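One structure is given below, encoded as structure tokens.
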Amino acid sequence: MTCEVKEKGRVGTINPIFTCQPAGAQFVSIGIKDCIGIVHGGQGCVMFVRLIFSQHYKESFELASSSLHEDGAVFGPCGRVEEAVDVLLSRYPDVKVVPIITTCSTEIIGDDVDGVIKKLNEGLLKEKFPDREVHLIAMHTPSFVGSMISGYDVAVRDVVRHFAKREAPNDKINLLTGWVNPGDVKELKHLLGEMDIEANVLFEIESFDSPHSADGSLVSHGNTHHRGSDRHRQCPTFPEPLRRHQGRRVSAEEIRRSRRSSARPRSHPQYRHLPAEPEEGDGKPIPQSLAHERGVAIDALADLTHMFLAEKRVAIYGAPDLVIGLAEF
């Protein structure tokens, strides 16, 4: 048997890693400590997304599924959610936050996920786990609406609504990083640290770039404690990657605090946007160390541009959070 390789005629690249809303909600869930999300739908709705995360971050992540089958589509799959919550809490005694993430199939069927959560709170949790802190959060993310970008938005909104409380401000700012990499979170923390600004990093993924340890004790888990969302209500909000976050709107409206939005800074070139905004809200001057770092970055760009990029036109595509930061300087 012979094999003939044919080159395709297209000159563009099709990006397969731009999927539906449940992916965004799952990304939020893995950024919360002691949290495992249950995707209420077919197994593929979680397996594909978990594969995306594992291939990109080269780490393993814990996500569960209600494993919806044909009989559930006909007779109703709410019982699968109840069983999934029971099994999950029994197998993982440290789990405290369980988002119930809907999919296209369960939304079309019309499953009353909010009603199931109320039933579980009044029944299973009191009877089988009476002394345990468990938070069940409904996240409605039908796949036929929006994308993984808006799914992240919806999940942020639901977590904020569930946990955050109106209390006295603590003069911190909130940082919603969006679809970024662990190194980006580390860099954003560096910026804030240089400016001596205290911040709550919500749905934090810096630990996804976890080191290899001989005893295997270091694993990748989100670093945002669910009680950290209580503090979310107490402080002004900080510009998150895009200008569309419902979570930003919810927190700002309910606690009457300021909200700002900006493109995510990509490395140092966009320092001209980032430092100005915390300075406006915090009143602290931009340190010379950041001005120096930005100058070095711009100098490196200038050194390369005239050699390789002069009179060139390029197309930048990808997640909006990343593309805006790359292109807008």
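Note: Cβ is positioned from N, Cα and C throughout, glycine not excepted.
Positions annotated as [8Fe-7S] cluster binding site by Swiss-Prot, on the basis of similarity to another entry: Cys20, Cys45, Cys104, Ser143. Secondary structure at Ser143 ([8Fe-7S] cluster binding site), taken from DSSP and collapsed to helix, strand or coil, is coil.
What Swiss-Prot records for 257-271 is compositional bias 'Basic residues'.
Per Swiss-Prot, region 'Disordered' is recorded for 213-288.
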Same chain only, sequence gap of 6 or more: which residues have a CB within under 8 Å of the CB of Cys104 ([8Fe-7S] cluster binding site)? Cys20, Gly41, Pro142, Ser143, Phe144
By a three-class reduction of DSSP, Cys20 ([8Fe-7S] cluster binding site) is assigned coil
To test your reading of the [8Fe-7S] cluster site: which residues beyond Cys20, Cys45, Cys104, Ser143, same chain only, put their Cβ within 8 Å of the Cβ centroid of those residues? Thr19, Gln21, Pro22, Gly41, Thr103, Ser105, Thr141, Pro142, Phe144
Can you tell me how many other Cβ atoms are located within 10 Å of the Cβ belonging to Cys45 ([8Fe-7S] cluster binding site)? 29
Around the Cβ of Ser143 ([8Fe-7S] cluster binding site), how many other Cβ atoms lie within 10 Å? Please give the count over every shown protein chain. 22
Count of other CB atoms lying within 10 Å of the CB belonging to Cys20 ([8Fe-7S] cluster binding site): 22
